[in-house]
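Right, one structure below, let's go through it.
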Amino acid sequence: MKTLGEFIVEKQHDFPHATGELTALLSAIKLGAKIIHRDINKAGLVDILGTSGAENVQGEVQMKLDLFANEKLKAALKARGQVAGIASEEEDEIVVFEGVENGKYVVLMDPLDGSSNIDVNVSVGTIFSIYRRITPLGTPVTKEDFLQPGNKQVAAGYVVYGSSTMLVYTTGCGVHAFTYDPSLGVFCLSHESVRFPATGQMYSINEGNYIKFPNGVKKYIKYCQEMDEATHRPYTSRYIGSLVSDFHRNLLKGGIYLYPSTATHPNGKLRLAYECNPIAFLAEQAGGKASDGKNRILDIQPHELHQRSAFFTGTESMVNDVERFIRDYPDNV
């Protein structure tokens, strides 16, 4: 049995940014995940369910657990001294850590993805993305450090809190997954070098918004539902409503996750920095693909901290198919 800590140290030499600082940073995320796991598991017994009464910068109502997870991760990252600042879906602006001006890294995160599912005991997750800072060491970080394209990520990953708690991460040398053993208090290697299956037969999208989708996406959904033995269609529709949970299933089983732009969200709804980039990094490292329907997600230059994007990710051939439908069936302008 190999623990997450042992595995990280063992693999340090495999990637160009191998430093003890990054190892300690990942350990801080591991600690935050353990704390969140503990409190999610007693969510129905203590007063952390429901809304907080506050809204985030996007005007969305914040759940109590959103704020709890944000504070716990922020504290864990600041305490280690490797992170000079963070950006979070739950924070209006970047958070600069005072006294850590020599920290080499910045972290962007969605502390609790799918938190509205907590009240009904459905899986949720944490998403994180790590970059080397651009500004000089010894100075406070600025927004410039956070507005880097996804192809500059040093590491990324997620934690899924479900029937078991699993941490999945990449440093650019494959995707590895660790399952939490609560009796020992450690994450143990359970899936090494995870790869998408060559073909997939699941699609994940909120079909309740069908009327708002672009023509190409509507055509693709119909394609998924058609009978064709040669391509093993119709595909199976599976949608949880938590990006982490839907992506995790499709990663292991083969499939595609779709969150297109809509009439009400013409730029898409998912956040490029906190959701799309880290998941895209994982997807590509697992042999999959991630796109906004036209462009590679990791090549998009962000201009705003909370910038949104359409998002299609999963088995490479399936993402290629949806891109083709979007290209062949444009909306009437």
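Keep in mind that glycine also has a Cβ here, set from the backbone N, Cα and C atoms.
The shown structure was predicted, so the numbers you read here are calculated from the model rather than taken from an experiment.
Among GLU71, GLU89, GLU144, only GLU89 appears in Swiss-Prot as part of the Mg(2+) 1 site alongside ASP110, LEU112. Together with ASP113, GLY114, SER115, SER116, ASN206, TYR257, LEU258, TYR259, LYS269, the substrate site in Swiss-Prot holds one more listed residue from TYR131, TYR223, TYR239, which is TYR239. In the record from Swiss-Prot, residues ASP110, ASP113 bind Mg(2+) 2; the candidate from GLU229, GLU275, GLU284, GLU304 listed for the same site is GLU275. Relative to TYR259 (substrate binding site), the binding-site residues GLU89, ASP110, LEU112, ASP113, GLU275 all have Cα atoms farther than 10 Å away. Among the binding-site residues listed (ASN206, TYR257, GLU275), GLU275 has its Cα nearest to the Cα of ASP110 (Mg(2+) 1 binding site). Binding of substrate is attributed in the record to ASP113, GLY114, SER115, SER116, ASN206, TYR239, TYR257, LEU258, TYR259, LYS269, and the widest Cα separation among these residues amounts to 19 Å. When the C-alpha distances from LEU112 (Mg(2+) 1 binding site) to the binding-site residues ASN206, TYR257, GLU275 are tabulated, the minimum falls on GLU275.
Just so you know, of the binding-site residues SER115, ASN206, the Cβ with the fewest other Cβ atoms around it within 10 Å is the one at ASN206.
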